[in-house]
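Heads up, the thing below is written out as structure tokens.
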């Protein structure tokens, strides 16, 4: 699933479409997580004037309307020319003045929706702060983790706590600060929380700089792969040696997600604070 760095990179790669007018819209398959709106043709004649990201949503601002785009598990956008070969799972084609924008999604868990009061309230307003914003700091995170008994990794992946810290980047951040992913979130000391916040920000910034992580088939709208996966120290490395102590990395499931960790560098402390 694309995480925050991949969505940010995708958004940036769509910038060539800014200030271009929509000439036509073709819906080849409306059946995504939620159906593509019947009135999506309203975009015709409007210019794309803004692209922003909130959590894993791309917010596309047109002259009269706004749209909310989510890549789901396997979605991607691609900038194409009209004569480029169509792929089986190209579900939406928006023809701009100079290029086509195609939405491709084999598993169809993504969404293409209008951004309106209903979707704003349902999908946006309940989200936690952006991890790279000044709103995400140690004091804030400590207040959200207080008395939580769930594992810290599960807490970090809760979009009500902080957005966009998915499996890859939570795994790497916890490895780098030596915290076991199953450690009860409420047990972390303030010093650990401070280090964790700094590391989350560093990891995400680095991943964005490297174009995200291409683990299976992710690429941005220009067809370019990311390279952060080449720097991974824990994620996807179960049964390999820890780069720090040469202990064999282990894997456990937390919240239905694989969590790789080093039992030596990330010991699980079982006693909770009084």
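Heads up, the Cβ atoms here are built off N, Cα and C, so glycines get one too.
Close to residue 2 (active site, schiff-base intermediate with DNA) in the fold, though at least 6 residues off in sequence, lie 10, 56, 71, 75, 76, 212, 218, each with a CB less than 8 Å from its CB. Among the features that Swiss-Prot reports, active site, schiff-base intermediate with DNA is placed at 2, with the record citing sequence analysis.
The active site, proton donor feature in Swiss-Prot is assigned to 3 (among others). There are 22 other Cβ atoms within 10 Å of the Cβ belonging to residue 3 (active site, proton donor). Secondary structure at residue 3 (active site, proton donor), as computed by DSSP, is coil.
Cβ neighbour count for residue 56 (active site, proton donor) (all protein chains, 10 Å cutoff from its Cβ): 22. DSSP assigns residue 56 (active site, proton donor) to coil, not to a helix or a strand. The feature active site, proton donor is assigned by Swiss-Prot to 56 (among others), with sequence analysis given as support.
Sequence-distant neighbours of residue 257 (active site, proton donor): residues of the same chain at least 6 apart with a C-beta under 8 Å from its C-beta are 153, 157, 167. The feature active site, proton donor is assigned by Swiss-Prot to 257 (among others), with sequence analysis given as support.
Under DSSP, residue 89 (DNA binding site) is assigned to coil, being neither helix nor strand in the three-state scheme. The annotation DNA binding site is assigned in Swiss-Prot to 89, 107, 148 on the grounds of sequence analysis.
Taken from Swiss-Prot, the feature zinc finger covers 233-267. With DSSP states grouped into helix (H, G, I), strand (E, B) and coil, the zinc finger (233-267) comes out at 0 helix, 12 strand, 23 coil.
The local packing around residue 107 (DNA binding site), expressed as other Cβ atoms within 10 Å of its Cβ over all shown chains, amounts to 13.
Sequence-distant neighbours of residue 89 (DNA binding site) (same chain, six or more apart, CB under 8 Å from its CB) are 29, 104, 105, 106, 108, listed in sequence order. Sequence-distant contacts of residue 148 (DNA binding site), defined by Cβ-Cβ distance under 8 angstroms and a gap of at least six in the same chain, are 155, 184, 185, 186. Binding of DNA is attributed in the record to 89, 107, 148, and the widest Cα separation among these residues amounts to 41 Å.
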